[in-house]
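Written out below as structure tokens is the structure these notes cover.
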Amino acid sequence: MGIGKDGTLPWKLPGDLKFFKDITVTTSDPSKKNAVVMGRKTWESIPLKFRPLPGRLNVILTRSGSFDFATAENVVICGSLDSALQLLATTPYCLTVEKTFIIGGGEILRQSLNAPACEAIHLTDIESSIECDTFIPPIDLSMFHPWYSSFPVVENGIKHSFISFVRVTKSIAEANDSSGKELTGNDSKKVKFEIENFSFLPKMIFERHEEYQYLNLVQDIIRNGAKKNDRTGTGTVSKFGCQMRFNLRRNFPLLTTKRVFWRGVLEELLWFISGSTNAKVLQEKGIHIWDGNASRQYLDSIGLTQREEGDLGPVYGFQWRHFGAEYTDMHADYVGKGFDQLMDVIDKIKNNPDDRRIILSAWNPTDLKKMALPPCHMFAQFYVENGELSCQMYQRSADMGLGVPFNIASYSLLTCMIAQVCDLSPGDFVHVIGDAHVYRTHVEALEEQMRKQPKPFPILKINPVKKDIDSFVTSDFKLVRYDPHHKIEMKMAV
């Protein structure tokens, strides 16, 4: 990775400098400051009017006895990186310095990246091709994992984003299993982070974890939501008109403050894509998320007495693949009947990517009374920009405890799948919610969940050979490093 040219930064990005300043100046304790450690050449590359870097303890590494720092305040001279870290660990620095940042140059960064004391790496990822003559090695992803990645921005014609990686294993040895195989991971059950608490991150970075969008929304609903009755008789607290946005470029938004049933998310989405409305197909795979709405008792209670148990009616998959076809039962052959919205979406993305009508809708008013449950996540629009595919989904009714973690993952997964089919990269998933509600019976469980600190989101790997939306099977998908907190039980309101 290039970091310099002719002893200076090879790009002019005010946003990059602001990010650097914000992350190295900001402290949680206002009585403390951070230390920035740099080599002599890095110090000399800073314009005279800006050095020493204000609001920080400047630690300069040099073996030159003739080095003159003009008796500047907030400047300390050390002969090596080790001696600098030892000094900062002693009084008075250990009492006044909150965090230590290694900021350059190239050789010092190369020493630091794999050092056991390196807890996190914060970098600006430049996506444009820019000539450099100073480099650092790539991030070792066997030890570090993305925590936060900003949405890409373009400044002075240069596309870039800000990324923070956290150490999740203590050493290279611990990033391997007993057989020596690297745990960068197909089997997420085997991968446990050696580091469990990530509060060592700067507060501004720690709180940018995208899971906080969900946690903060749940907290806001519980504290400030309107108390309402609902069709299940359970009662809710709710808010109207909410939005969350997730970045799909580096990791996958599967919540970590509780274990989300990933296999259920995956199998349900493949079931939707197949056009099936038979809940027994999922039951046979050990997926019981639709059992409550497919039972004999429930179908009878909503007047579908003639409907076979397990037959959900013309729900999501049917509308995606056969919109407008006459629904009879879950056993009928609907091939070639109705309008295949999913294939239409894919065709438009491939052949008319600027179309503003790339829509997938499960809301069909003429079929609502035939459905075991009218669509909650009902409308998705896709958007193509600079080789990336983004999706915005509208959800009329959102069960924040049980449904929303599933919905975030499901539509993020759908976006990633369609992107691959269309030779694009995943961009954003935007989740827009009408009635965002917490069932009163879920409040205690959600309060437990809100006490948990997020862990890094996993990374999703999809079999790159698959280019047909109907060809995907469960073995085509692998989660890398999903290590959530334990499962939190919540009972579904039916």
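Counting begins at 1 with the first residue displayed.
Positions of Cβ are set from backbone N, Cα and C atoms, glycine also.
Take the CB of C376 (active site) and look out to 10 A: across all protein chains shown you find 18 other CB atoms. Residues or ranges marked as active site in Swiss-Prot: C376.
Sequence-distant neighbours of R63 (NADP(+) binding site) (same chain, 6+ residues apart, CB-CB distance under 8 A): G79, S80. Per Swiss-Prot, the feature NADP(+) binding site maps to 2-8, 40-42, 61-64, 104-111; the stated evidence is similarity to another entry.
Here Swiss-Prot flags D16, I103, T124 as substrate binding site, drawing on similarity to another entry. All protein chains considered, the CB of I103 (substrate binding site) has 22 other CB atoms within 10 Å. DSSP assigns I103 (substrate binding site) to a strand segment in the three-state reduction.
Positions annotated as dUMP binding site by Swiss-Prot: R231, H377, Q395, R396, S397, A398, D399, N407, H437, V438, Y439. R231 (dUMP binding site) falls within neither a helix nor a strand when secondary structure is assigned with DSSP, and so counts as coil. Long-range Cβ neighbours of R231 (dUMP binding site) (same chain, at least 6 residues apart, Cβ-Cβ under 8 Å): none.
Among the features that Swiss-Prot reports, domain 'DHFR' is placed at 1-167.
For 170-494, the entry in Swiss-Prot reads region 'Thymidylate synthase'. Residues belonging to the region 'Thymidylate synthase' (170-494) score a mean pLDDT of 93 in the model.
Sequence-distant contacts (6 or more apart, same chain, Cβ under 8 Å) of T124 (substrate binding site) comprise L13, D16, F19, H160, S161, F162, I163. Sequence-distant neighbours of S397 (dUMP binding site) (same chain, 6+ apart, CB under 8 A from its CB) are C376, G434, D435, H437.
Look at T124 (substrate binding site): DSSP puts it in a strand. Each of the binding-site residues D16, D399 was scored by how many other Cβ atoms lie within 10 Å of its Cβ, and the smallest score goes to D16. Among the binding-site residues I103, Q395, D399, Y439, the ones whose Cα is located within 10 Å of the Cα of T42 (NADP(+) binding site) are I103. The substrate site is set by D16, I103, T124; from the centre of their CB atoms, other residues of the chain with a CB within 8 Å are L9, L17, F19, F20, H122, L123.
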